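Below: one structure, written as C-alpha cells.
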Amino acid sequence: MEHAKEASALQQPFLPPSTMDWRGRPAHGHLGGWKCAYCILGTGMLCYFALYGVLFNLVIFLTQNGESNAAAAATVATVCGTQFLCSFLGAFLSDAFLGFINIPSSVDKGSSSLFLTTSLYMMAIMTGSLSPNLLTLGVDQLDSKDNEMYFQSVAVAVSVSQLLAATVVTYIDNAGMWVWGLGLCVVSSLSSLMLFAGSLRWIRHRQASGNAFLRNTQVLVAALRKHRLAVPKDSALLHEYKGDVSAIPGCRKLPHTCTLSFLDKAAVLEVADTCSCWRLCTVTQVEELKSLLRVIPAGISLAFVSLSVTQISTLFEEQAVLMDRHFGASFVAPAASLNVLSIVSSILTGLVTAAGGRARLSRWCFGRVKHTPTQRASPLFVIDCAPWGRFKLING
C-alpha cells in the first residue's frame with residue numbers, strides 16, 4: 001500500500017516553480033510556451049553544430065599540424081572530458097546562484113599552440129556549462145504534460161546538429177578549407193547568441209534555489225546526529241513547512257518516499273531540536289538528496305558510455321585515415337565522416353520509437369509493453385559492449 005502511494009506521488013504532475021521575466025518581475029501567462037522552447041532548441045542546435053563541427057575534425061587537424069596520433073587523441077579526449085565535467089559546474093552555478101543564461105601568419109609555433117589549446121578549453125568550458133542549462137530552461141517554458149515531447153525534440157535537435165556537422169563542416173575541412181569550416185562554426189555560435197538574445201524577453205526565468213550541495217550535506221549531518229532515532233511510520237509526523245511554500249526557494253514541495261529511509265531521520269522532530277538546519281531538515285530537503293542518490297548509478301553508467309563515444313572522434317578517425325575510403329572513381333569519404341554512422345543510428349532509433357517500434361520490441365524482449373527506463377536501456381548497453389569485444393579480438 002505504501003509503495004503504491006509512493007509511486008502515485010512520484011507520478012503526480014510537475015508544478016512549475018515561481019517564475020520571473022527577464023527583468024526579475026513576476027511572470028505573466030503570456031511568457032514561455034512552445035514558441036520559447038523552439039527558440040531554445042534552435043539555440044542549442046546552433047551551439048551543438050559549432051561544437052561538433054570542431055570536435056569531429058579536431059583529431060585530423062592536429063595530426064596534419066604535427067601532433068602524433070596518441071597526442072592528438074589525448075587532446076581531443078581531454079577536451080571532451082572537460083566539457084562533460086563543466087556540465088556539473090555550469091548546472092550547479094546556475095541552479096544555486098544565477099537562476100536560469102584569424103591568427104597572423106607571423107605568430108610562432110609556441111604561441112599558436114598556446115592559443116589553440118586555450119581556445120579549445122574555453123569552448124569546452126562554455127559549451128559544457130551551457131548544455132544542462134539549455135535543457136532545463138526549455139522544460140521551464142512548458143507544462144508537465146509536454147515534457148516528454150520536449151526531451152524527444154532535444155534528442156532530435158542534437159542528432160540533426162551532429163549530422164550537419166559531420167557532413168557539411170567535415171566536407172569543407174576535408175577539402176583543405178579549414179578557415180571556412182571553422183568560420184562556419186563561428187557564424188553558428190553568433191547566430192545562436194542572437195537567437196537566444198532575441199527571445200529573452202518572452203522566456204520564463206526561474207528563481208535561484210541556493211546551494212544544493214550545502215543542503216545535501218545538512219541532511220547527511222542531521223541524519224547521522226539522529227542515527228539512534230526511529231523513523232515514524234506516519235510520514236506526516238516528519239518535519240515539513242506548512243502550506244505550499246517549500247524550504248527550497250523557487251521549488252515545489254517533494255512528496256515523501258519510502259526508499260533510503262535512513263535519511264528520513266534528518267526530518268524527525270525532537271524536543272531538543274533548534275532552528276539549526278544542521279539538526280533538523282524538511283522532507284523536501286531529504287527527498288532532494290534521495291533523488292540525487294537515485295540517479296548516481298545512471299550517471300556512472302553514462303560516464304562509461306561517454307568513454308566509448310569519445311573514441312569515435314579519436315581512435316576510430318585515426319584508423320579511418322589509413323583505410324581505403326574511395327566510393328567510385330572520384331569520391332573519397334572524409335575520415336571524420338565516420339561519425340555519421342553513430343548519428344544515423346540515433347536518428348533511426350528515434351524514428352523507430354516514434355513509429356511504435358519500442359512497444360513491439362518491449363513485448364518481444366520482456367513479454368509486456370510497459371517497462372521501466374532501466375529495462376529499456378539495458379539492451380542498448382549490451383549492444384554498446386559488443387563492438388568493443390570485436391575490436392579487441394581484431395587488434396589482439
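Cβ coordinates come from backbone N, Cα and C, glycine included.
Any TrEMBL annotation is an automated prediction that lacks curation.
Quick look at what TrEMBL annotates:
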TRANSMEM  40-63  transmembrane segment
TRANSMEM  70-93  transmembrane segment
TRANSMEM  113-137  transmembrane segment
TRANSMEM  149-172  transmembrane segment
TRANSMEM  178-197  transmembrane segment
TRANSMEM  295-316  transmembrane segment
TRANSMEM  336-356  transmembrane segment
Could you check if the transmembrane segment (149-172) is in contact with the transmembrane segment (295-316), meaning 3+ Cβ pairs under 8 Å among residue pairs at least 6 apart in sequence? no
At an 8 Å Cβ cut-off, counting only pairs 6 or more apart in sequence, do the transmembrane segment (295-316) and the transmembrane segment (40-63) clear the bar of 3 or more pairs? yes
Give residue numbers and ranges for long-range contacts of the transmembrane segment (178-197): same chain, 6 or more residues beyond its ends, CB-CB under 8 A. 39-40, 42-47, 49-51, 53-54, 57, 61, 101-102, 168-170, 172
